[in-house]
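Colleague: Pasting a structure here, questions to come.
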Amino acid sequence: MRRAHTVEEIRSAEAALMATLPEGALMERASTGLAHLVADLLGACYGRTVRLLVGSGDNGGDALYAGAVLARRGCRVEVRALSSTPHPAGLAALRAAGGRLLGADEPGRRPDLVLDAVVGIGGRPGLRDDAAAALAEVAGVPVVAVDVPSGVGVDTGELPTAAQGTHVTADLTVTFGTHRVCHLVDPAAAACGPVHVVPLGGPGGDLVLAPASVTALQAGDVARLLPRPVGESQKYDRGVVGVRAGSARYPGAGLLCVAGAASGLAGMVRYVGDAEVAATVKAQHPEVVGDGRVQAWAVGSGGDEDARRHLAEARADEVPLVVDADALRHVTDFGGPLASAAVLTPHAGELATMLDVERSAVEAAPLAHVRRAAETFGAVVLLKGRRTLVADRDGDVRAVGTGPAWLATAGAGDVLTGLVGALLASGLAPYDAASVGAWLHGSAARLASAGGPLVAGDVARAIPSAVRALPA
Ligand SMILES: NC(=O)C1=CN([C@@H]2O[C@H](COP(=O)(O)OP(=O)(O)OC[C@H]3O[C@@H](n4cnc5c(N)ncnc54)[C@H](OP(=O)(O)O)[C@@H]3O)[C@@H](O)[C@H]2O)[C@@H](O)CC1
Ligand SMILES: [K+]
């Protein structure tokens, strides 16, 4: 599991570890790890120029000490200081190693790499004008963000507003000890590039962190959570998933929801809905049967005007539900909770309607909105996006970024709904079913895409391969 902690949690864990170590030991570990990664990126240090953008805090200190290591290895290291008092000990170390501070009007040499150390976890959103200008000077040069891209909301995963200013967009982010929320949550995560964590633990102790409320499943977690049949399993033990989706107007959505449900992760699939859709389901999926007892329902994809009735009928069975598309408009129609266990799967526009806010507000602050929705509707909410977020009712959130950009294709969400329904039927709790489903859906899409375009049916067909590719 990848874990992301808040600034407060990180500061408290760092303070506890720092109390057991000699002064400066943590910054030394952080900056040495940073310097080694930068040296690897540069390939060779001799003849290379690195520009440090350095603010007033310890984030700047990390870059100055790392700059000293790089200068000793032969790099030309130049500093654009954005404070009159950059970390004094770090600056002294850099100078002693041969690095130098640029004068205010001195352009410096065009660098091969920029280290963004304007602000780290002590930063407020947005860059001040001097920092924005220092960044503009080196436009086009690869940027390594120290800890976080300066200017992003570290705990919110949000970008600064226009009034707050701009932010750094990094090619790589090097952080320390644990992930920050902005590393896992869009839109800020998109500004981080790949994130590398330098361990802070070592002789003298480890960083002891609180349980994280924002996490990201890894392949090993999915393998551990996924229910697998054992020798004596019967099809009914493995769970029966029912699909109430599709309509005369949107037959394809019903078919794709069935395709996701019929990927083999539950023991049986039932379809209930429009007669013509049912006939096509029968032709395409001869293993799918009609109405009867189920352990979970997948409802709403392409349901059109039938969605409310489908949701009412599914709800009456008092089994876990996954609710999508047209049925999302009706989740509060019945008074009281929707089901003992429910997963709602909106995209940003649908979530905006459910919460009565603008779509742009959801896109700017997906973490805040998905948490609010989970609390408001008393359900697990899966907000689809480039990086899908799954929120539990208690505020825990799992981010899922396994899908390729090609996954933004019609019908992919219908497949996901069926897949989550199958996982609910197989016995997973809603938070696990939604996040494991989103992870497998993204992984299946990556396999199906192999770098090229794909359609939703390809994703459903690749789900078994995604399961086979999990570690044993
Ligand atoms: N502690 C440890 O053990 C370890 C810490 N480590 C490192 O320390 C970093 C945290 O350092 P930090 O606490 O000094 O805060 P940091 O982010 O450098 O700057 C805060 C200062 O910047 C300013 N400022 C704020 N917003 C601004 C803005 N938008 N634009 C411009 N300026 C702005 C503000 O000052 P002000 O302008 O208000 O006077 C504020 O005081 C952390 O990210 C990691 O890299 C690692 O070495 C591992 C061990
Ligand atoms: K930074």
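Our numbering is plain: 1 for the first residue shown, then up by one each step along the chain.
Cβ from N, Cα, C; glycine included.
These came from TrEMBL, pasted as-is:
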type: DOMAIN; residues: 10-208; note: domain 'YjeF N-terminal'
type: DOMAIN; residues: 218-470; note: domain 'YjeF C-terminal'
type: BINDING; residues: Ala253, Gly302, His347, Asp414; note: (6S)-NADPHX binding site
type: BINDING; residues: Lys384, Gly385, Arg386, Arg387, Thr388, Gly413; note: AMP binding site
Colleague: Counting all other Cβ atoms within 10 Å across every protein chain shown, which of the binding-site residues Gly302, Gly385, Gly413 scores highest?
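Modeller: Checking each of Gly302, Gly385, Gly413, the winner is Gly302.
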Colleague: Within 8 Å of the Cβ centroid of the (6S)-NADPHX site residues Ala253, Gly302, His347, Asp414, which other residues of the same chain have their Cβ?
Modeller: Ala245, Tyr250, Leu256, Cys257, Gly300, Ser301, Asp324, Ala325, Gly411, Gly413, Thr417
Colleague: Nearest to Asp414 ((6S)-NADPHX binding site) by Cα distance: which of the binding-site residues Lys384, Gly385, Arg386, Arg387, Thr388 is it?
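Modeller: Nearest listed residue in space: Lys384.
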Colleague: For the AMP site given as Lys384, Gly385, Arg386, Arg387, Thr388, Gly413, which other residues of the same chain have their Cβ within 8 Å of the site's Cβ centre?
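Modeller: Counting only non-site residues, the set is His347, Leu383, Leu389, Val400, Gly403, Ala438.
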Colleague: Which entry in the list of binding-site residues, His347, Lys384, Arg386, Arg387, has its Cβ near the fewest other Cβ atoms, using 10 Å as the limit?
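Modeller: Comparing Cβ neighbour counts within 10 Å for the binding-site residues His347, Lys384, Arg386, Arg387 gives Arg386.
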Colleague: Write down the Cα-Cα distance for Lys384 (AMP binding site) and His347 ((6S)-NADPHX binding site), rounded and given in Å.
Modeller: 5
Colleague: Compute the average pLDDT of the predicted model within the domain 'YjeF C-terminal' (218-470).
Modeller: 96
Colleague: When the Cα of Gly302 ((6S)-NADPHX binding site) is compared with the Cα of each of the binding-site residues Gly385, Arg387, Thr388, Gly413, which one is closest?
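Modeller: Going through Gly385, Arg387, Thr388, Gly413 one by one, the Cα closest to that of Gly302 ((6S)-NADPHX binding site) is Gly413.
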Colleague: Using C-alpha atoms, which one of the binding-site residues Lys384, Arg387, Gly413 comes nearest to Ala253 ((6S)-NADPHX binding site)?
Modeller: Gly413
Colleague: Which is it, of Ala253, Thr388, Asp414: the one of these binding-site residues whose Cβ has the most other Cβ atoms within 10 Å?
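Modeller: Neighbour-count leader: Asp414.
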Colleague: With H, G and I counted as helix, E and B as strand and the rest as coil, say where DSSP puts His347 ((6S)-NADPHX binding site).
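Modeller: The residue in question, His347 ((6S)-NADPHX binding site), is strand (DSSP, three-state).
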Colleague: For Thr388 (AMP binding site), name the DSSP secondary structure in the helix/strand/coil scheme.
Modeller: strand
